[in-house]
């Protein structure tokens, strides 16, 4: 057996944490799971993903969950992290022999496979964001700073602390920043802010080159050896150098545990799979498990393992427990754990600061919008400059007012990609209990509303004065108010579409169709009194119609058309010819405001209920 002996790393002796900045409240935790099973129903057919998986991981151990695709690795990790929100779960998860309590999500950190980070902020700012939201309120600024510096040293990124994360921004803008391996270490660092006792990672080396993967694994090894952290991670076909870093290997096949220990090669050799020379142990084990799966032996081997040393180890680790002490997971797998360390207002302030930095540093958020507004405003001004109040001027004034409103619902198309690009980040951070939906939404909308106000005023002001529209100050500010509200209503409506649809392309297609309907039934192309009765409702629920009507009232009521005759039409006659209502412009202002507020509320509801990380 010596020729196939692969020695795994030995388990280090636990270390004590002494200073507050190292979170002295952290305890060394042993995680025990017994008879875990998980199933989902797909098209009325029940699929068993995990079947009777048991094991114990002690402090200072670095355990790999290994197996072919579809064997249940990520599912097991989700259950251990208490983040499985769908399907049926049964079994027990114990921490130091006790059932999971409200502190579990503070003691356990889960690092997902994808590096979900905001590209425009720096490494230090990212860690500070997590520190502000995850650390207790009692921590001072100095203590938070010390903690962040410790983490930067732990993950080996002190020299890159002020570098931006980097990535592709909406619109295809590439922001240079960290490498893939460095981003992965930042993700791990975010999970270490609270100095957790248990760290769970889903394929931490996936997609990384050899050097980056080894750097990530060395970070995890140091966590176990220096901090006595319990680390469990899924992994897929690692290099032999990485494979040897693990203290134990957990092998899954078809949802069953077919091996758990520190001598996997010897085990699979004993059950009939000779180990070829010069072979990566990970590849060898994967080939063996694939053969076991093809031969239908997974249940047999798992049952034999369960009845032997694994079952004995579990009994020894929890021999003093009664059945009532087992942390049995309910059928839905859901637990209501209040894992927020800070209130809604604190969450809002932290999110407001980060969102502000992102808006300033992302050109697509403001600069591009404002530049487009200036260009379109100058174009409108050139086409409609110096309009008079004669019959031709009335027609041109009506046109410029209409197209101003239409532009207010076309500009928000830029918001769709910006909003959708942040969805994955929002879902991941909310699932990690960093913050609630409400403070995130309010912080995001604070800057979105500012951008909308700026865009409306830039475009509206340039066009207003070039076209020589009604010069009264009250007329100007009312027009700007209507344009701003129309822009906000259009922006919020496009965000509703982006919440309901999944892809950016779909959102653009649906948004374009809706915008066309808005234009057609706004009262400019087709007079309201010329519409078929069956279509009348389309303009009553059209905020573009009310916006256009308000601007027309503002521009023409009280004015007289210069027609060169004794009896010239008045401004109200102009409105009547278009079939516009005689309601006051103040009423229209209230109606458009109501549309904007209703859409604003609907965006929040869609964001809160439609988009959750599905696990």
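The backbone N, Cα and C atoms fix where each Cβ goes, and this holds for glycine too.
The structure displayed is predicted, hence computed values, not measured ones.
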Listed range which Swiss-Prot flags as transmembrane segment, given the options 442-462, 547-567: 442-462
Within-chain partners of the transmembrane segment (400-420) [C-beta distance under 8 Å, separation at least 6 from its ends]: 170-171, 362, 364-365, 368-369, 372-373, 376, 380, 383-384, 387, 448, 452, 455-456, 459-460, 463, 467, 469, 482-483, 486-487, 489-491, 493-495, 497-499, 503-504, 507-508, 511, 515, 518-519, 522, 524, 544, 547-548, 551-552, 555
Recorded stretches the transmembrane segment (587-607) and the transmembrane segment (370-390) touching, at least 3 CB pairs under 8 Å: no
Closest-packing stretch to the transmembrane segment (477-497), where packing means Cβ pairs under 8 Å, from 370-390, 442-462, 508-528: 442-462
Residues from the same chain, set at least six apart from the ends of the transmembrane segment (508-528), whose C-beta lies under 8 A from its own: 398-399, 402, 405-406, 409-410, 413, 416, 493-494, 497, 501, 535-536, 538-539, 542-545, 548-549, 577-581
Among 68, 70, which are binding-site residues, the residue with the most C-beta atoms within 10 angstroms of its C-beta: 68
Segment confidence, the domain 'ABC transporter' (31-279), expressed as mean pLDDT: 88
